[in-house]
C-alpha cells in the first residue's frame, strides 16, 4: 500500500513593502528620532537665558557686574537676599506689576472683542466697500507702530488722555493682525450654522456671542496669548505717554532702576525674572488652544 506524502506549505518570502511596513509597526523611524532630538536641543538652548537669569537672582550686584550672566559662579556667593529685598524693600515694584497685569487684561479683552467684531463683518457679511476696507487693514499691517507713535501722541495729548491708563489700551483695540487672523478663521465656519440660528430666532448679536465665539475658542486663545505678550512687554508707547511713577508698567519701572548715579542690579534681575512668570503661566495654560488656533487659522480662507 503506497503512503501518500504530504508537504507543508512554506511561507512566502517577505517583499520589500512588507519589510518596510513591519519596520513602521515596530516603532518610530530614524528620521522621527532625529527630528525629536533636534527639537529637544533647540528647546534646551532656548531655556539657557531663562536659567541664567534664575541663577542671577541668587547673586548680589557686585557679583553680577564682575562675572555677568554666567553659570560659572561661586556656590558660597549664592543667597536669598534678593528675594528678601523683593518682598520687603522693593519700593513700587508690585504697584508696577499690578498696573501691567490690569492693563494687559483690559487690552487683551478689548482687542479680542473689537477685532472679532470687525473680522466677523468682513467674513460673514457682504457690503459695497468690503474689499476696499480690508485692503486698508492689510496696508496698516505693513506700517510699523513706531511711525505712528508721534502723530498718535499728539492726538491723545490734545484729547487730554496723556498720562492715563486709557491711553495704553485704546490705540490697540482694533489690531490689524488680530482682525486678519480672526477673519481667516471665521471663513472656515459653515454659514449653515448662522442660518440655523436665524431660523431659530436668534439675534445677530446672539449668533456672534452664542454660536461663533464658542467655535472660535482656539483662535481666541491664540490671539489672547500673542496680544497679552505684546502688552506685557510694551515699552516704547508707555514710556512716551506715562509720566507719573505710580502709573508705570513693569518694563518702564525696571528701566528706572538703571541710572547714571548707580544701578540696583539686585532688584533689576529678580524683578525681570518674576516678570516672566505670568507670561509662562499664560502660555502653558493655553498651549493646546494656541497651537490648534494657529494651525487652524493658517489654513482657513
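Placement of Cβ uses the backbone N, Cα and C atoms for every residue, glycine included.
Taken from TrEMBL, the feature compositional bias 'Low complexity' covers 1-20.
Residues or ranges marked as region 'Disordered' by TrEMBL: 1-21.
The feature transmembrane segment is assigned by TrEMBL to 32-55 (among others).
Sequence annotations record features per position, and here TrEMBL assigns transmembrane segment to 96-120 (among others).
Summarising the annotation, TrEMBL assigns domain 'ABC transmembrane type-1' to 97-286.
The transmembrane segment annotation in TrEMBL covers 132-153 (among others). When Cβ-Cβ distances below 8 Å are used as the criterion, the transmembrane segment (132-153) is approached by residues 122, 162, 171, 176-177, 179-180, 183, 236-237, 240-241 of the same chain, each at least six residues removed from its ends.
Listed as Cβ neighbours of the transmembrane segment (165-186) (distance under 8 Å, sequence separation of 6 or more from its ends, same chain) are residues 99, 102-103, 106-107, 110-112, 114-116, 118-120, 122-124, 134, 137-138, 140-141, 152, 156, 212, 216, 219, 222-223, 226-227, 231, 234, 237-238, 241-242, 247, 249, 293, 296-298, 300-301. The transmembrane segment feature in TrEMBL is assigned to 165-186 (among others).
Residues annotated as transmembrane segment in TrEMBL: 207-230 (among others).
What TrEMBL lists as transmembrane segment is 267-286 (among others).
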